[in-house]
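Over in Swiss-Prot, the protein carries these features:
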| type | residues | note |
| --- | --- | --- |
| TOPO_DOM | 20-1370 | topological domain 'Extracellular' |
| CARBOHYD | 42 | N-linked glycosylation site |
| CARBOHYD | 81 | N-linked glycosylation site |
| CARBOHYD | 281 | N-linked glycosylation site |
| CARBOHYD | 433 | N-linked glycosylation site |
| CARBOHYD | 486 | N-linked glycosylation site |
| CARBOHYD | 692 | N-linked glycosylation site |
| REPEAT | 803-842 | repeat 'LDL-receptor class B 14' |
| CARBOHYD | 859 | N-linked glycosylation site |
| CARBOHYD | 865 | N-linked glycosylation site |
| CARBOHYD | 926 | N-linked glycosylation site |
| REPEAT | 1114-1156 | repeat 'LDL-receptor class B 19' |
| DOMAIN | 1325-1361 | domain 'LDL-receptor class A 3' |
| MOTIF | 1588-1593 | motif 'PPPSP motif D' |
């Protein structure tokens, strides 16, 4: 920057020597200086690399340059001699700072903002910022200062354009120009002449006037294209012009001497004469001691010529000099992605953004006046946070077990924090620092939202917008709950208390009312019911109720007695909660205020007095003040929750805060980890969480049916469970990994499960046909029956000290006991109504009774001393005592997992065995495991299973793969051990590892669920090339995609094709597929690139739905679902036989595994197999498997054989498709949209042939006439013109050669087929009303002797006798017509001969080819007709001898074959190809024009798109808005979004910057509120929907595209 400094100093010196100044201007991307006398030279860049610099000014005396950047929404500065050092001056609260001016005397910075419509001032460093003007401003732009007189001037180009003047202290505001003005842009002052100059870009003039607006005169008029900024130096005016991209100048008096100073400016913006003369020195009234002001000292036009002022929101004290210490009353506002504060002390109501990070979806907000913390909830971060009022000291308060915290309230007296959670449906409390958390209310809550507290009385109030909306009240400890209002409510969103008058106010977003009542529910009345379309946030302070409105995008307030309303903030989107508060005033007290009421943890005040409470995991001891961690306690599970009860006190049970529990059944714990485990038979999961409810996770999610029994192996850290539905006992690690089936044979409804890890035994009960209690080693071995004669035993538990078993018998209603061998049975209790769960601790047994709805206790040996521990409990499923004595002992698995790689399973006599996950095998070291290499995979609708044929292993397990919705087909890559499947719901191909990890979308629709682009049907993997071949039901093609998701392209496509099932044989280079063409299904074979296509079978098929092949046996298998049979053949199609056709109902999948062919029958829900050798016949493999969809065999991969495949290494060197030829070498090929290049390895773009041409895939010939395509003769060197030829349509006749002709030409006496097959076997009988021509042709009898030849042999006009003399005129007419026809025919024939045979053909290099052709064409050439080769002479290399040439400008008026489909290029010039290969005919001389880019409908850019700083926008500087149009409406301008409409509806919504249109069908069902309203200023690129579709669940907004809906929805827990 040294050169810049030297230039600046030199130029500044020049200014002193001559009258021409340096001009400082903004160029959007940089700031520059240019010499006004030599503007043709390059300008000097002062600051570069800017985003969108608009306004610029300077303080010459301090060497500072300031500019505004509208893209970064900031004002910045730099020093002359340090221009590489850029400082931020103002970075918040700006949207479009269009104007900027420096007060060089008072050292202040003034600016205009055309988005916020404010004029502000601050110190030169950006501190002590103050809003001067905020009313009656509409698009303020240029601003100029006159510090010596204390005046400021600005332009306003809004609805009422004008130029105003005011004191620099905000006083004496006056409009000085308001006529003949439209777009006043530039503004400058002549300090010597006391004149005001301005430029109008619409009216194209520069005018001047006195500083008070009088004596207005034109300086330049009519010759200004688009003046923008204006400055003055001595006698010359300078301005920037947007149209000419230049700086111009003229005489300031006369306007003469108009000239261009500097041109070729990228985007000229603001401009100033950079000179000390433009900032003359004068007396500074603020120069001494800042004028005595504590904060701001601003110039004023009235004595004493200055005025003290305070920063925004702060009042000036009565002495007129000193500002108060901040605002005394604030309005705190939560927006979606930021928090703001608004001072209620001053009338400007300026919102100031707090400098906080990572706010994603703030909802509720509250304030603690004692410590000065703001508290807020974030629905997306799922946390409660706090910070000081200036944004500093940000902390996370609560982060665990938070779902959707919609309401928050501070108890400033007891120092507690309350919140509602509409995800967990709970109201909870904690200390203000987030410790000592406790659930207060968790029952009968649907959608709790707003919550307020009255610490002085001891009540809390909350709203619930569930199915039955209501407002409730309870004591601060959750007791004494009562409903205050439950009628005439819709969406009660907001709630506020008036402590002085004892009333409670609320706002309803559905009824659109603000109502009030007494705190006891009496005296209900309406305060406001007009123009409040959607209330959300709600608060009260003093005499005013404040609220936010989503739809109006506003904050308003109403006087609580007079009902007078006032808008505080308008057009601010994403409004959520708000809180009006006194900053320091603290009201009220209660006994909890002093020493926390004597409580060790929580002090909760009630109307009856304080109550000490304990957080989760603690219990209150006898003094009722102190909380301790109990040594032991009872845990029990009910349907929807898990609770605990103290064994030492009489306190009520306490719910453990767990979310999402549906139907908890079995329960256990791990005392060392302080976790609980439970099964959920509704969710079909096994879950765990810490005792405080945190870190909840599902450890087993797949393959469960009714997991009624479960137990924790606390030594081996394993989890055991019994599944009554699947009849299995399984084990895994505590985190669900390494799952293995231990017992599956001869199990009949296993139920309760108990473990004795120290001894190595497990015990379980069975409820089947012969109920019993069994025992086995913990690895599943040594199974034996202990108690055979028993009813349905449940609650099996072990007394580890006395070595006895206990259980309840549901059939006899007894509690019994035996020793560990099942002997010495004793009845402990016999007069029980309905005992169910059971546990033991010390000298007692504890059980649940469903009839008594109780938990009871009795002596474990005698059954005496029975006591009811807890009553009024419905359907307690399981019970246990949480204590370390229940998990004692030791075995070798407790130490380093027994050094096992996976599972360590205890066995009797202190031993252990290492276990492996299901289907894994234990290695010779007896420690480690190996994954299976050979197995079967089969899929169901929402699961994929693995099966092994091993008597020692459980046959099948469900793989833990998430998000399976509708699995249609599966395949497996044995190299990477990745599973691939088609999801027909998402219309995608996905892959994942067997353990569910590394999930990935391989092929997916770009637009989900609408206008489906793809619809995969079947897939097959080429493991050598690493490709997936898949058929698409939507586009009817065979597509190829790399395993990493990169597309290769379509390899097979035909007009009539319907490829469905597919299997590849990469060892031979072929693929086989079913082609379900209408009325003619086929099984076909083609090379892997789609060439060499042949039909193997077209008869004896109805719906061939599945394919399989065995490459080693050389066999192809298929299943026909309509014919209900399975067939096979050789891979060539020979030796077709029916393998099985009996008792097959709906075969949908086939696979070959060893010597067996496996298939799945969807209707019979069965997997079967048949021995292909015929020795063992047909066998059922597994039955009762619902919703089967596919099956696939995985064989062990021989790496040596794999590496020998020529395509396995780098895809054989091919860029796309690698095929194996018969000799074992490779051939590279390409998908249909590409062609093979000359290196015969790489694919590239095809040559550009005309629409009337066909592009050969490879070879030296690029283009041939499309009429030669599929004509039975090969012209392309690679024969590609005769590949994939379409089947003739019903209206056509297929010649023996495959050529298609019009069916009407069959047997017409002329050979239209090149092989003349259309005239063979033509013995046809004509109808009664037809005449038979001599050649066999049939024509209507009325055409006989009608003077018109109808038979091709003219036989219809032979032997005719005229009946009357023809009129001469008619004869002349007929003759004329015939003459015309003959003339046309002769001309056409000559033209055809010229074009086809005689005209020279151009090579690719432009040389003339001299081959001549003679065509003997028929009298008429039907569309698509190609002459027989015998009628042609001449030949070309690579074409059939005697082939005719058809010009690209065909005389037949159109293409004679299918359109060019390999390159999909239309409208391109054939001469544009870079290929040097030959073309069969000359290129079109004048190629068609290229497609034009559609122009924007708007030629004028829109401005800064949002009123919200948080909204991301990409725009350039906005010149003008369309101010004569109304601003965009809100997404729903009436209550249409709030009112009733169907939850399921079709909606079309189009939004532009000028408004919205929507098409919505409504009915009477309530729905959530509309999305958060957008700003008035919308980007032209943005599209917004109006009312969103109604969610079907409470969490429909979980993606946070919109604020949380207050619609009545289903419970989300």
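Using the three backbone atoms N, Cα and C, a Cβ is placed for every residue, glycine included.
What Swiss-Prot annotates, mapped onto the structure for a quick look.
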| residue | record | DSSP class |
| --- | --- | --- |
| 42 | N-linked glycosylation site | coil |
| 81 | N-linked glycosylation site | coil |
| 281 | N-linked glycosylation site | coil |
| 433 | N-linked glycosylation site | coil |
| 486 | N-linked glycosylation site | coil |
| 692 | N-linked glycosylation site | coil |
| 859 | N-linked glycosylation site | strand |
| 865 | N-linked glycosylation site | coil |
| 926 | N-linked glycosylation site | coil |
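Recorded residues residue 859 (N-linked glycosylation site) and residue 486 (N-linked glycosylation site) have their alpha carbons 49 Å apart, per Cα-Cα distance. Residues 632, 634, 636, 647, 752, 754, 756, 759, 761, 763, 765, 771, 773, 775, 785-787, 790-797, 848-852, 858, 860-863, 866, 876-881, 883, 885-886 of the same chain sit 6 or more residues outside the repeat 'LDL-receptor class B 14' (803-842) yet have a Cβ under 8 Å from a Cβ within it.
Note on residue 865 (N-linked glycosylation site): other Cβ atoms within 10 Å of its Cβ, all shown chains, come to 10.
Same-chain residues lying 6+ beyond the ends of the repeat 'LDL-receptor class B 19' (1114-1156) with a Cβ under 8 Å from its Cβ atoms: 936, 938, 949, 1061, 1065, 1068, 1070, 1072, 1074, 1083, 1085, 1096-1097, 1100-1108, 1162-1164, 1169-1173, 1178, 1188-1193, 1195.
In this structure, the glycosylation sites 42, 433, 692, 859 were compared by how many other Cβ atoms lie within 10 Å of their Cβ, and the smallest count belongs to 42. Straight-line distance linking the Cα atoms of residue 926 (N-linked glycosylation site) and residue 486 (N-linked glycosylation site), rounded to a whole number, equals 68 Å. Ranked by Cβ neighbours within 10 A across all protein chains shown, the glycosylation sites 81, 926 are led by 81. Looking at 281, 486, the glycosylation sites in this record, the fewest other C-beta atoms within 10 angstroms of the C-beta turn up around 281. You'll find the Cα of residue 865 (N-linked glycosylation site) roughly 45 Å from the Cα of residue 433 (N-linked glycosylation site).
For residue 433 (N-linked glycosylation site), the nearest neighbour among the listed glycosylation sites (42, 81, 281, 692), judged by C-alpha distance, is 692. Mean predicted confidence for the topological domain 'Extracellular' (20-1370): the pLDDT average there is 92.
Each residue contributes its Cα atom, and for residue 42 (N-linked glycosylation site) and residue 81 (N-linked glycosylation site) these two points are 20 Å apart. Of 81, 486, 692, all annotated as glycosylation sites, the residue with the shortest Cα distance to residue 281 (N-linked glycosylation site) is 81. Of the recorded residues, residue 81 (N-linked glycosylation site) and residue 692 (N-linked glycosylation site) place their C-alpha atoms 62 Å from one another. Residue 486 (N-linked glycosylation site) sits 34 Å from residue 692 (N-linked glycosylation site), counting Cα to Cα.
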